[in-house]
Amino acid sequence: MGFKDFCFKKSLWLFHYGGASCNNCDIEILDCLTPRYDVERFGMKLVGSPRHADVLLVNGSINKRDKDRLLEVYDQMAKPVKVVAVGACGCTGGIFAEGIPFAGPVDKIIPVDAYIPGCPPKPEAIIAGIVKLIETI
Amino acid sequence: MGAHILYFLVYPGFLFTAIVGGLIAGVDRKLTAAVQFRKGPPVLQPFYDFFKLLLVKETILPASGSKITFLLAPVFALSGISIAAVLVMMPLLGINTGFEGDIIVIFYLLTIPSLTYIIGAMASGNPLASVGASREMKLIIGYELTFLLVIAAIIYKSGAETSLYQIIQTQQAGSVHIGSISGVLLFIAGMFCTQAKLGLVPFDMGEAETEIAEGAFIEYSGSAFALIKLSKYMLFFTLPALIILLFMGGVQLTGIHVLWAILKLVAVVLLITLIRNTNPRLKINQAMRFFFVWMNALVVIAIVLSYFGY
């Protein structure tokens, strides 16, 4: 493991993209940043601009309108970028998978590096997913 | 000549300031975490952030706007703060430069980072960046007059000395400036100017993450953003050092005095961090009124008090 990978691993900045979500995953993601779970221990922080981000967190089902926006956000990010699909809707589509406006789960649109299932996933599950993501770098 | 290049690049200039500034930024994040009952990132986190941005990430240029200006702005910010750091640190560490009037040069050099952030933001062609730049500009108009008055009062209190080395000598021969009533008032105004120059809460409206997504820096990525981060870390060391120099009589680097020097630095950084963690973000009109009315009035009162010898 080189110095570059070490630094990348120690400082992952997150950008949060919510698709057509029911907001439960958004709340659980924000939970991870609260004092109780505190992912800033791993050097992670939520940033406001996709230009600064290293990890794209996608939750919620992606419908036809969200798809263009998701691609736009992904193109705006400075590479290398890791993508994490959060929640059942992000991983597979969940209960929306057979709906008419559904445009496919996240991994049909952009390459996904880690999946965190659950409806919604608990903060512990999200941290476990993040640790797995760090191990892939 | 060789010694001067060493002064500029290694000690006490660029490299020393960057390393200590990064450590201070890490301590600041750790203290913020402690205030919020969190564990917080490791102290070396700013270095990881810097090297990640510099070595790993791609730099994206804006499609609209001036690309060369956009890329040169962080370089100018870094060179401005490096020169300011050298000029502040050399008198502080007891090296007499024999430069009369360097306190006025420092005043101008310390505005270069903010100005170049504004120029870079304007060159990026992003609407949110121009909102951030205009806020930053109004903030500069607000605090610069106060900062200039503080410096004028310090020059007056030191007996019309305009060299930083002489200001330290005056304080070490007599009493430190913070030991008098006018000195305390000036220190309060100076701390708020420092806070505004560092762009920390309550004066972070130029880069408000929650409303305009880092404002002036929204388009920066990769190594250009790394240089901006580095200039911020260096500013985080240079400004507390300037406060120590102007108000607390500088430092002495012999024997037990080293501990005393570190304590002074920690106290100023702690104060900055606590102000940052216990205040909400002000609106730009509130910030301007704060500096124009209250801080200027405070400094004028301090100048009048020091005229009467308090």
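Cβ atoms are placed via backbone N, Cα and C, with glycine included.
Annotated features, as they stand in TrEMBL:
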| type | residues | note |
| --- | --- | --- |
| TRANSMEM | B:6-27 | transmembrane segment |
| TRANSMEM | B:70-93 | transmembrane segment |
| TRANSMEM | B:105-125 | transmembrane segment |
| TRANSMEM | B:137-156 | transmembrane segment |
| TRANSMEM | B:176-193 | transmembrane segment |
| TRANSMEM | B:233-251 | transmembrane segment |
| TRANSMEM | B:257-275 | transmembrane segment |
| TRANSMEM | B:287-308 | transmembrane segment |
Apart from its near flanks, which chain residues at least 6 from the ends of the transmembrane segment (B:233-251) lie with a Cβ under 8 angstroms of it? 14, 17-18, 20-22, 24-25, 28, 46, 50, 78, 81-82, 84-85, 88-89, 91-93, 106, 110, 113, 150-151, 154, 164, 167-168, 171-172, 176-178, 183, 186-187, 190-191, 194, 197-198, 257, 260-261, 264-265, 268-269, 272
Here the stretch out of B:6-27, B:70-93, B:287-308 with the most C-beta pairs under 8 Å to the transmembrane segment (B:176-193) is B:287-308
For the transmembrane segment (B:137-156), give me same-chain residues lying six or more residues beyond its boundaries with a C-beta closer than 8 angstroms to one of its C-beta atoms, as numbers and ranges. 103-104, 107, 111, 114-115, 118, 162, 167, 177, 182, 186, 189-190, 192-193, 196-197, 203, 205-206, 246-247, 284, 287-288, 290-292, 295-296, 299-300, 302-303, 306-307
